[in-house]
Amino acid sequence: MFVVCQLTAFHLVVAVAHLPSHRVTCHHAADIGKPCHLRRLIPRGRITNTYAYGYVSRLLSRRRGTTAEPRVADNTVGTAHGGGTMSAQDVDSDADADAETDGGGQMPKPHTVRLELVDEPGQLLAALQPIAENGGNLLSIFHERGNLTPRGHIPVEVDLECPPDRFEGIVEALREAGVNVIRAGAEHFGEEVTLILVGDLVDSDLSDTLHRVEASADATVKDLSLSAPDGTQESSSARLRLAARAGKADEALTVVRDIAAEKDLHVIEPLTEDAA
Amino acid sequence: MTLRLAVLGAGAVGGSVLDLAGEYGHEVVAFADSSSSVTDHAGLDPAVVHDRKEREGVVGDDAPEALFDADYDVLVEATPTTLGDAEPGFSHVERALADDKHVVLANKGPVAERYAELRALEAESEGRVQFEATVGGAIPVLSTISDLGAEHVTAARGVLNGTANFILSRMAAEGLDYEHVLAEAQDLGVAEADPTFDVDGIDAALKFVILANVLSDGDAEYRLDDADVEGIRNVPGTALDLAAEDGRTVRLIGEATADGVRVAPRLVPQGAALAVTGTQNIVQLETEHAGQLNVSGRGAGGPETATAVLSDVSRLE
Ligand SMILES: NC(=O)c1ccc[n+]([C@@H]2O[C@H](COP(=O)([O-])OP(=O)(O)OC[C@H]3O[C@@H](n4cnc5c(N)ncnc54)[C@H](OP(=O)(O)O)[C@@H]3O)[C@@H](O)[C@H]2O)c1
C-alpha cells in the first residue's frame, strides 16, 4: 500500500513499487515545474503517520520549489495518530526560512538521527519540528510502530540533510525539546552519488535495476525521482541518489554502469564533487 | 621580429590570420585554399585576397602546392581537421618541417591522430611545431600548461565544445528538446549543418586527446580511438529537468587524466566553474603543487582562433 498522489504515469509507479528504499518522488514530465503536480509515493513502513507524511511532503515540496499542497489520495495507509497538533502554516513558514538559508555556506550533507518516542499522538511531529527549524531538510522517516525499544518507546530513524555546521544545533534543539536522541551522526553510508539513468526505464524493469544496484553494489538507493515524458518520443529519466560506504562510491558507479549497459540505458554520471 | 607566414586554408581561421597578422607584427606572404594559392613577398593585401575569393572562389592563379615554394618562416595549417591519417594536413606539416620551417597548427588532426610521428619529424627539423589554437580557440590552455610544466599538471578536464554546451544550456534554461535547440543553434550559426562532430563529442574528444598527448609528455601516445566518447544526443529534456530539480545540470565534460581520455555528459552542480553557459569554454587544470587552475573564454570563432595562432607565431620569434 502506498500513498499515491494522483499519478498519471501509473505504470512507472508500479515499476518502482517494490523498491525497498526510502522515498520515491515521481514526476510526470508534462507537469514538471507546474504547481500542484509533485507526485509522491511512499513505500510501506517508511512513514506510518499521515500527519507526519503531510508535514514531510510540505517540507519536501517547499524544498523543490513546488508551491502546491501535496494531494494525498484516499487510500492513504498507516495508522494515523489522532489530533493534528500542529498547523501546517507554522511548518511552512519555518521551512521557508530554512530553505532560503540553505543556499549559502557549506553544502548540505546527509545525517541520520535515531530517536525514541513515547507512543502518544503528536510525538513525531514534535520531534520533527526542531529539525526543520534549525535548517535540516527531512529526507526520510522510518517510524517502526509495533517495534518497541527495551524501555517501551518507539524507535524512529530520521534521515536528514543539513550543512555540517548546523547538525550539532539540530541535535541540541531536539534534546532541548525533550526528544530522546539515542544516536546521531553522519550518514552511516559515508558517500553519496547522484546519477541519472536515461532510456526505456519501464520496459527495462526499473525495479529490477534498483534491486540489483542495492544487492551488488553494497549501496542504498536513498532517493529516486522519475520523469516520464507524455506522448513524446523523448526518453524517460530517473535521478538516483545512492549512498555507498566510504570509499565505495566508484564501485557503486561501476555496478550501475554495467547494469545500464546490459539494459541499453544511458548513465549520466556525476563529475566528482571536488573536480566541479 | 617580423615573421613571414604561409597560410594554408582560407576559411574562418585562415582568413582571420590574414586579416590580423599585421596587428601582431607579422606578414602573410602566401595564402592558399583547396584549389589555388597566391604569393607576394612584399606581403599580401587582405582586402584584395578576400575580394577575389569572394568573387571567383579562388585566392590566386597558382596551384595550392605553389605556396610551399614561397620564401616563408612559418606555415599556418588551417585546413579542415580530418581523422585517421589526418591528411592532407599531416603531409603539409611534414613538407614544411622537411624544409626546416616552423609550423603553427589550427588543424587538430595531426596532433590528435599522429602526435608521436609529428614530434619525431619536428626533432629532425630546424623548425618547431606549435598548436595552441587546436585546444580551446582563444583560451591559452597549452601555453598555461607549458608555463606550469606538463609534468606538474596531473589532469585536465572541462568543456571544450561550444556547440554542445550551447545546446545543453539552452535545453536546460528553456525546457526545450534537443531537436528544437539544435535547429535554433544552426540558425544562429552556432552549429553546423552537419553537427555530428560537435554533438557526438568527437571535436571535444580530439581536444582532450591533444591535451593527453601534451600532458603525457612522450610517455604515452593517444589517438581518438583511445578515447571513451559519448555525445549529447542521448540527453533528453527529462534528464535536465531532474538535474535542475537537484541543483545540478548536465555538461559535456572532457577529461584527460592518468586513466586516459573520456568525454561524456556529466552531472555538475549548477554553480560550478565547469557549468559554463552558451558557447563559453573552460579548462580546469589539476596541478601538483598549486591546486586547480581554471582558464575560460571563447573556444572557437575565426578571429578568436587566429589570436591563438598569432600568439604561437610570436613564440617562434
Ligand atoms: N573555426 C574555429 O573556430 C576553429 C577553432 C579551432 C581550430 N579550428 C580548426 O582550424 C581549421 C580551419 O577551420 P576553419 O573554421 O577556418 O575551416 P573552414 O572555414 O571550413 O575553412 C577551411 C579552409 O581550408 C581550405 N582547404 C581545404 N582543403 C585544403 C587543401 N587540401 N589545401 C589547402 N586548403 C584547403 C578550404 O578551401 P576552400 O575555401 O577552397 O574550400 C577552406 O578555405 C580546421 O582544422 C578546424 O578544425 C577551427
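Cβ coordinates come from backbone N, Cα and C, glycine included.
The model shown is predicted, which means the values in this text are computed figures rather than measured ones.
According to TrEMBL:
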- B:Lys207: active site, proton donor (ACT_SITE)
- B:Gly9, B:Ala10, B:Gly11, B:Ala12, B:Val13, B:Gly14: NADP(+) binding site (BINDING)
- B:9-132: domain 'Aspartate/homoserine dehydrogenase NAD-binding' (DOMAIN)
- B:140-313: domain 'Homoserine dehydrogenase catalytic' (DOMAIN)
| remark: Contacting chain A at Cβ under 8 Å, from the binding-site residues B:Gly9, B:Ala10, B:Gly11, B:Ala12, B:Gly14, are none
| message | Taking the Cβ of each of the binding-site residues and counting other Cβ atoms inside 10 Å, which one has the highest number: B:Gly9, B:Gly11, B:Gly14? | response | B:Gly14
| Residues within 8 Å of the B:Gly9, B:Ala10, B:Gly11, B:Ala12, B:Val13, B:Gly14 Cβ centre (excluding the NADP(+) site residues themselves) | B:Val7, B:Gly15, B:Ser16, B:Val17, B:Asp33, B:Ala78, B:Thr79, B:Ala106, B:Gly302
| request: Take the Cβ of B:Val13 (NADP(+) binding site) and count every other Cβ within 10 Å, whichever protein chain it belongs to. | output: 27
| task | Measuring Cα to Cα, tell me the gap between B:Gly9 (NADP(+) binding site) and the residue listed as 'active site, proton donor' in whole angstrom. | result | 20
| note | Rounding to whole Å, the Cα atoms of B:Lys207 (active site, proton donor) and B:Val13 (NADP(+) binding site) are apart by 17
| query | the domain 'Homoserine dehydrogenase catalytic' (B:140-313): mean pLDDT? | reply | 95
| Cβ-based isolation winner (fewest other Cβ atoms within 10 Å) among the binding-site residues B:Ala10, B:Ala12 | B:Ala12
| said: Neighbour count, 10 Å Cβ-Cβ cut-off, for the residue listed as 'active site, proton donor': what number do you get? | reply: 29
| note | Per DSSP, the domain 'Aspartate/homoserine dehydrogenase NAD-binding' (B:9-132) contains 56 helix, 20 strand, 48 coil
